[in-house]
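All remarks here apply to the structure that follows.
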């Protein structure tokens, strides 16, 4: 059974995707954004830099929440061992692929409540043609909800999924199940590699607990102001005390 969603203040519901190649660039972004962002996602690009855990430690020392987005996908024993080691670090969220029930169960058993584990369902860069090319001739929403239910049954705490599926996931799963949505585009659709996108208010109206935003902040003329504007939208959508 999944646990209650991670208690989040309104300003912690914006997660900035720290998709940069080095420790120095990562910390420069944290300093640039200041109090406008309290939660950071660190992924594979920083892992390849060799400085991943230096960044994680630096974020923790700045009292920032950390989302480890490495999408673990391996045999159950390997994933379980990785989760046990990662649980020693100050991590709030961590992703595992949601396509193998035995692996999900092993991850949940190894976690012992240290982090909130999120199952990756269908990447927001994928649409129905991409699923069909993998031999899955179904709508993304149907696959996402199926994966969310399997993750919940395995004891995983939530999913990372497009805001387009937040409503169906919320209706299908229990109130303790966390929904974190990437592919958020505050200014509306743009020409990039994300396909299944929504706006800030819509994601929270449909049941998201937190959103991941990268390029709309990173490419803004004033990134801190862009983050602050998103924070204002979140506060209007969820209020100060929703958890």
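Placed from the backbone N, Cα and C atoms, the Cβ positions cover glycine too.
As written in Swiss-Prot, here are the features:
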BINDING   19, 41, 69-78, 124, 185, 194, 214-215  substrate binding site
ACT_SITE  71  active site, proton donor
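Long-range C-beta contacts of residue 73 (substrate binding site), restricted to its own chain and to partners at least six residues apart, with a cutoff below 8 Å, comprise 79, 96, 97, 99, 100, 103. Sequence-distant neighbours of residue 76 (substrate binding site) (same chain, six or more apart, CB under 8 Å from its CB) are 100, 102, 103, 105, 106, 107, listed in sequence order. According to DSSP, residue 124 (substrate binding site) sits in a coil region rather than a helix or strand. For residue 70 (substrate binding site), applying a Cβ distance below 8 Å and a minimum sequence separation of six or more within one chain yields 43, 44, 47, 94, 95. The two recorded residues residue 214 (substrate binding site) and the residue listed as 'active site, proton donor' have their Cα atoms spaced 17 Å from each other. The Cβ of the residue listed as 'active site, proton donor' lies under 8 Å from the Cβ of 44, 95, 96, 97, 120, each of which sits 6+ residues away along the same chain. Non-local contacts of residue 19 (substrate binding site) by the CB criterion (under 8 A, 6+ apart in sequence, same chain) comprise 43, 45, 214, 218. Summarising the environment of residue 124 (substrate binding site), the number of other Cβ atoms within 10 Å of its Cβ, over all protein chains shown, is 24.
With a 10 A radius on its CB, residue 214 (substrate binding site) counts 19 other CB atoms from all the protein chains.
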